[in-house]
Amino acid sequence: MTLYRSLWKKGCMLLLSLVLSLTAFIGSPSNTASAAVADDIQASVMGPLAKINDWGSFKKQLQTLKNNGVYAITTDVWWGYVESAGDNQFDWSYYKTYADAVKEAGLKWVPIISTHKCGGNVGDDCNIPLPSWLSSKGSADEMQFKDESGYANNEALSPLWSGTGKQYDELYASFAQNFAGYKSIIPKIYLSGGPSGELRYPSYYPAAGWSYPGRGKFQAYTETAKNAFRTAMNDKYGSLDKINTAWGTKLTSLSQINPPTDGDGFYTNGGYNSAYGKDFLSWYQSVLEKHLGVIGAAAHKNFDSVFGVRIGAKISGLHWQMNNPAMPHSTEQAGGYYDYNRLIQKFKDADLDLTFTCLEMSDSGTAPNYSLPSTLVDTVSSIANAKGVRLNGENALQTGGSGFQKIEEKITKFGYHGFTLLRINNLVNNDGSPTGELSGFKQYIISKAKPDNNGGTGNKVTIYYKKG
């Protein structure tokens, strides 16, 4: 009997142990289960690039978006429209009409202060240059970019022009003054950081001879840019002798310090991995970092007290030539992205949200494209997560079906705070009827969003980013 009781007791203890272990296993979330979108995620749609001419049709489209759970529409507020008449001569009437239409539909409105040119890039269907009077404010050498072959690019003001910050500050101030009355429908504001609204150089521009999957070209060949590079190197090392020691060169004058004279050779001959190459690439990115700090500070100064919402900027998804053995990461570096860790830290320092693109794309890392967009999304997202930088996403090209599933995977895995789809006509026809893609967008993206319980008037976060 004693033996029976002992065995029975041991059996009960074993059973209890198994039950407790099973309970602990069930109660502990797996890595997959713990991955989730952010609590405040919202789904948004990008409006047309060009001006609205048929407001009746546009309002029907907006109503369809609202009825299907879309939170906000994101809009380029073109500098070339609002300040075209002259310096500090603003006309915001078109965008007030636009905001009224959005408000009437019960949607939120996310403006992008678009200080870049529209036209000439993938997906551009309009031609909106920068205000023409800008040319009287400085020299072309100061205000424009110039690439390896001498092509001068005026898609956006060069960050190296001393007047860039002042012009943006005046634009931001006027926007805040004119749209303070619309703050109930503005949950976020985006800043254009450069070409196509992205914080980058205009390295891949078809008019300059670029075509996919070309690496693009460095944009540091104005005298202003060359002198800035020389000054930065002299400041870093303290003297030409110390520069020569670091680089293993025999320069006799600071004027002999130049950006790479042969962009292809810079990679194929290994120059990118030399002390000189690393210094150049680091400086080249630092120009963008400083620019982000300038526009971020101006935006916070003008917007925080008026709107009290998050402000964001954009990094481009330069996903090709990433694993090219002869030119690794050459496309990213021509665009100004050398060290993502350092660049994303600047977003943290400037208190800006980060938007990234190409969430719908899959890797295909073979020649000639060497394209790794999914890997790039993971890299950027992981760094942002580690630094506590809020993430928002967008598609690079028109998408649907499996692309929506890929987007769902990324926004869930990395806790994205929102997603904006390019572009409204992909989801809604001009007569307001849904396209075949709207159901997929609802299933995979809108279904992740949180209901707006503020009657269309509360401030929440949404997102926008421009192509990759």
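Here the Cβ of each residue, glycine as well, is placed from N, Cα and C on the backbone.
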Glu83, Asp87 bind Ca(2+) per Swiss-Prot; candidate in Glu148, Glu155, Glu170, Glu198 listed for that same site: Glu170
Closest of Glu83, Asp87, Cys118, Cys126, Glu198 to Asn395 (substrate binding site), Cα positions, recorded positions only: Glu198
Whole-number Å value for how far Arg423 (substrate binding site) lies from Glu394 (active site, proton acceptor) (Cα to Cα): 10
Number of other Cβ atoms within 10 Å of the Cβ of Asn395 (substrate binding site) across all protein chains: 27
Sparsest-packed of the listed disulfide-bonded residues (Cys118, Cys126) - C-beta count within 10 angstroms: Cys126
Residue, out of the binding-site residues His319, Arg423, whose Cβ gathers the largest set of other Cβ atoms within 10 Å: His319
In three-state DSSP terms, the structure that Glu170 (Ca(2+) binding site) belongs to: helix
Other CB atoms, at most 10 A from the CB of Asp76 (substrate binding site): 25
Cβ neighbour count (within 10 Å, all chains shown) around Glu394 (active site, proton acceptor): 27
